[in-house]
Amino acid sequence: VAHTVFSKVDLQCWANNPAHHTEEMNNERLLVRRGQPFFVALQCTDMRANQSQWWFHKQEAQSELFLTVYSPADAPVGLYSMTVVLLNAEGHIQERIHAGSFYLLFNPWCKADSVYFPDEGQLQEYILNENGLLYQGSWDQIRPLPWNFGQFEKDVVDICFEILDNSPAALKNPEVDTANRADPVYVSRTVTAMVNSNDDRGVVSGRWDGEYSDGVPPTRWTGSVPILRSWSSGGAQRVRYGQCWVFSGVACTVLRCLGIPTRCVTNFSSAHDTDGNLTVDYCYNEQLENVSAGKKDMIWNFHCWVESWMSRDDLLEGYDGWQVLDPTPQERSDGVFCCGPCPVKAIKEGEVEVKYDTAFVFSEVNADLACWIIHEDGQRTQASLHHGTVGRNISTKSVYGEQREDITSLYKYPEGSNMEREMYEKAGRRVSERNGGSGQLELSIKHVQAVHGTDFDVVVEVQNKGSQDTPAKLTITSNAVTYNSLHLGECQRQSASLTVPAQKVHKEVLRLLYDHYGACLSEHRLIRVTALLQTSSDHDSILQEVNIPLAVPELDVKVVGVPVVSHKLTTYITFTNPLPITLRGGLFTVEGPGLTAAKEIPAPEDIGPGQIVSVKFSFKPARAGLRKLLVDFDADRLKDVKGSATVIVRKNKLTGNIYSPSYRSCHTNYLYPM
């Protein structure tokens, strides 16, 4: 009668996961990183077999056999099945026991891994931090947006691999796709395609027209986890709706979860150059009405993407490090709405032929803005040409705290420098100059920090640097626009015929009234003021414009109680209506990794002008550590009001501490990708 040798396999999750920086994901399932050993304990029986058979004898104190399992640093990431096999002297299988399954992830702590990151301290941010900051607003009024990545929340790792499994390549040829998952270039490019739903069973559907009644407004999201869970529970059905910061936030969650160091990046005044000529052209008629119909070139007030750290073994030397990955569906790449990975170094050096999509990203941070006046006789006059408008204050969250880090110098040389001109020539671009214009008059627009719900002034200054008085016509318009430059309607306009004295400055004040802009404002609360100065000279025009984001007060969020795992906490949220109108349909959305799943709390009543409303809810923290609770408020006439609270949660003393024992003995086993 044959006797079994092994009675049980212990995957030692409680010890392996902390050693592999995955204990926050789960301590009841094995999650390990490639290129780094992990340990398995085999519990053995103590029965003496027939003398004609091989058998084990254990001392009473030795009831376990410890195996050390080694994975290659270039093994495909994914879900593996592990089986332990005992062979007899002839090499035949004597016993087989299924040991369970585990996830194998990229390992930025391993020097042999292609995602190895040399500064281990920064991995606390780029892999392990579940809370982050995205940046919105305008280049001169930058606003941080807290975001919950939640890459270690329950089941998120399963959803991330579910996303890869639903890619067209995986569905068409799963064996080839599994082998390609050893390469972070392949995996990250797949992620950029799958985060948007344009071509496949992707996660998020993008929409920018303000019609979100059949989904969730993009501004309401405060983190990635509700989006990922909604996609998975819906059977890989797209989640409505997202815009660029939502796409980048979700991509960052997936890539960090898979083990690729990743950070979110915002490019202010980001060009969308569809024809590849490195110039964005805006066309107006003499009444300052936009006549760019049919042209898709535009400059977004800001645009968000991610950077991931990896070596580029598919390229020549010199392109390792940060790579741009843009999941927002803008243009097709190899027939698919995806972008990257594109080496940041290649962008800075104008190496636009380097794959992937370097020419497109180069234009996003370097394109010129040319404004044209189309006259009644059909002639076209260039009213302005801006070299330094695009690609400003490129931002990411600092690894040293909550402050913003400016990384513009990683993407481009200083404006006007010799190196910048050399880079332009290398990219096949000529530095153009503005056609026409006397140069005697200069036009500028100034404004203070504007608050939503108030009336405020915009000052247009016309400076005459010449020696003669100069007559001119000044036209000023204000338009409600989205952050990606879609015009929603004119708010106000003002015209004046004036004579600017020599060596003097004329100031024209446009007072913007809430009664005029309030009804047509988008959820982005953005007003574009455009000024056109026309002199008596034949078709001589100057045009300037600014984008003015309107500020709103933050929500007041207070957490009351002793923050301990599994102990009840109560949160009080207070909102003050800043508008001179009544708000209806108010809704608070709350979430926080390790604190609480996403919850919706309706406002108890309509909220009158200046009225204060408070709501409360309770939750029990699930995980210890530094946690962030994020809150959003939306109503019919006001959206995207944010608030947050930081909570330091202590462990529950009853749960005990995690510790790692020392191991002895080494062995091998068989691993099967699932």
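Numbering starts at 1 and runs along the chain as it is shown here.
A Cβ is built for glycine as well, from the same backbone N, Cα and C atoms used for every other residue.
Copied over from TrEMBL, here are the features:
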ACT_SITE  Cys244  active site
ACT_SITE  His303  active site
ACT_SITE  Asp326  active site
BINDING   Asn366, Asp368, Glu415, Glu420  Ca(2+) binding site
DOMAIN    236-329  domain 'Transglutaminase-like'
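Shown here: features listed in TrEMBL, placed on the structure.
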| residue | record | Cβ neighbours (10 Å) |
| --- | --- | --- |
| Cys244 | active site | 27 |
| His303 | active site | 25 |
| Asp326 | active site | 32 |
| Asn366 | Ca(2+) binding site | 24 |
| Asp368 | Ca(2+) binding site | 22 |
| Glu415 | Ca(2+) binding site | 11 |
| Glu420 | Ca(2+) binding site | 18 |
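Of the recorded residues, Asp368 (Ca(2+) binding site) and Cys244 (active site) place their C-alpha atoms 22 Å from one another. Cys244 (active site) has His303, Asp326 nearby among the recorded positions His303, Asp326, Asn366, Glu415, Glu420, counting only those with a Cα within 10 angstroms of its own Cα.
Rounded to a whole value, the Cα-Cα separation of His303 (active site) and Glu420 (Ca(2+) binding site) is 22 Å.
Note: the Cα of Glu415 (Ca(2+) binding site) and the Cα of Asp326 (active site) are spaced 25 Å from each other.
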